[in-house]
Amino acid sequence: MIQVKNVYKKFGKNQVLSGLDLSINGGGIFAVLGPNGSGKTTLIKSILGMVIPDKGDILVQENLIKNKWKYRKDINYLPQIANFPGNLKVKELMAMIMDLRQKPGDGKNLIERFSLEPHLHKKLATLSGGTKQKVNIVLAFMFDSQLLVLDEPTTGLDPNALIQLKELLRKEKEQGKTILITSHILQFVEEMADEVIYLLEGKIYFKGSIADLKKKTNQDNFEHAIAAIASQTHD
Amino acid sequence: MIKILKYSFYDLMRSRWSYVYFIFYLLLGFVLLFLNNEISKAVITLMNVIIVLVPLIGTIFGVMYFYNSREFTELLLAQPIKRTSIFLGQFLGVASSLTLSLVLGLGIPFMMYGLFRSNAIWDFSLLLVTGAFLTFIFTALAFNIALSNENKIKGFGYAVLLWLFLAVIYDGFFLMSLILLEEYPLDTFSLVASMLNPIDLSRTLILLKLDISALLGYTGAVFKKFFGTDYGLSISIVILFLWTILPILSLKFKASKKDF
C-alpha cells in the first residue's frame, strides 16, 4: 500500500526525516507515535505530497508519487489543525469538496452521526474548535477510499463524538481499509491500533504490534512501554 | 484549474473589498468626467491614476489574498488536484476579479457619458487593456513574493517595496542616468530601460497613443519614432505579455517546490 524508502527531509537547519524506511501493506489501523517534533506530520504530509522530500522515494499503491496528484483520489486526509476558509458555510464547503473530488460522497450519515445538522448553515469561522473538528472528520470519512490518513483525529472531541469516531474507524477497518493515524492519546491508540510505528529523530525506531512492543521493553503496560522507549534513547 | 478559479472568483465576489475597489473606480470615473467635461481629457487624467494605482492594488490584493486563503490552499493541496492548478486558479481568480472591477467601474461612467459616440474610444480601450495587463503582472509578482515568504509582514513589505521601486524609484534612477550619461547617445538605452519596467512601458504606450509625446521631453522623439510605428506597438505588447508570463511561470515553478 505505502512504501517509504530512505526519505530525507530538512527544514532549514532542522533535519526532520533522516533516512526513513517504512512499508505498510494490507488493511488495518497503523498508529504513528513519537515525541513532539519527531517527524510524524512531516511523514504524513510527504505521503500526501504536501511536503516534498529532499531525497528518497515514496510509493503509494506501487506508484511513485513524485509530482503526481491523481493518486490522492484514493486517499482521505484529516489535517491536524482544522483550518477552513472562514466565509464558507459548512454545507457549501462539503459541496465544494465533493465537486472538487468528483466522487460521490456520503455526508448525510456522518452529519447525523456527529449531530451537525444545526451547524450546516453556519459559517465555518463561527464554529467552535470541537465542531470544526467534527466537520473535519465528516470531510475525511465522506468518501470511499482505500487509504485514510488521520493526523490527531481526537483533538477537541467530546466523549460522545470520540465513541462515534471509534465506531467509524472499526467500520472502515472491517472493509479492509488501510488507516494511518497519529495520536498522542495512548489509550486511544491501544484500543484501536493493530500496529504501532514509533518515530524517533526522523527514523523508525520500532514497528510492530503493541504486544511486541511490551515484550521488547519488558513492560506490561502500554503507556510505560512507550515511556521506556523514550528513556532508553535518552541514556 | 477552472474549478479553483471559479471558487476563488466566487469567494472574492463575496468579499467587501472587490466592491470597494469597484465603487472607487465608479466614483473616480464620474468625478473625472464631471471635472473635465470632455472624454479625451478625462482619459489623460485617468491614465496618471491608473498607471500608479492599478499596480499598487494588484500587489496589495495579491499578497493579501494569498495569505488569507492559506487554509483554503492547504485544504486543496490534500485533494486530488494538481498543485500548479491550485495556484494558477487562485491567481487568475484574483487578477480577473480585479480587472472586472476596473473595467466595469470605469466603463460604466464613460459609457453613460457617450464613449461610443466619441473618438476617444480607442484611447480609452488601450487604457483599460494596459490596466488589465498591469493587474495581471502585479498580482503575479505579488503571488511570487507571498509564496517565497512565510512571514506575512515581510511579504507585505517586499511587495510594497517592489511597487515603490517600479512606480517611483525606477524613474528617478532612469532620469539620473540620463543626466549623468548626457554626452553619450542614449536612444537605445532609454528605450530598453523603459521596456524593463512595465509601469514605464505602459505609460509610454498610452502617452504616445494619446499623441502627447511632448510630455516625454528629451527622448520623446526617439520614442515616437519607435512606438509610433506598428512595429513599436507590437513590440511593446509582446514585452507586456512577457512581463505577464514570466512571473506566472516562476509562480508555477515555485509552487511545485514548496512544502506546506
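Note that Cβ sites are derived from N, Cα and C of the backbone, with glycine treated the same way.
A TrEMBL annotation is a machine prediction, not a hand-curated record.
Residues or ranges marked as transmembrane segment in TrEMBL: B:20-36, B:42-67, B:87-112, B:124-147, B:159-181, B:231-251.
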Is the transmembrane segment (B:87-112) packed against any residues at least 6 beyond its ends, judged by a Cβ distance under 8 Å, and which are they?
-> 1-9, 11-13, 18, 21-26, 28-30, 33, 39, 42, 46, 50, 54, 57-58, 61-62, 65-66, 69, 73, 124, 128, 131-132, 135-136, 139-140, 143, 147, 248, 251-252, 255
Decide whether the stretches the transmembrane segment (B:124-147) and the transmembrane segment (B:231-251) have at least 3 CB pairs under 8 angstroms, with pairs required to be 6 or more apart in sequence.
-> yes
Of the listed stretches B:42-67, B:159-181, B:231-251, the one with the highest count of C-beta pairs below 8 angstroms to the transmembrane segment (B:20-36) is B:42-67
Tertiary contacts of the transmembrane segment (B:159-181) (same chain, 6+ residues out, Cβ under 8 Å) = 51-52, 55-56, 59-60, 62-63, 138, 141-142, 145-146, 189-190, 193-194, 197-200, 218-219
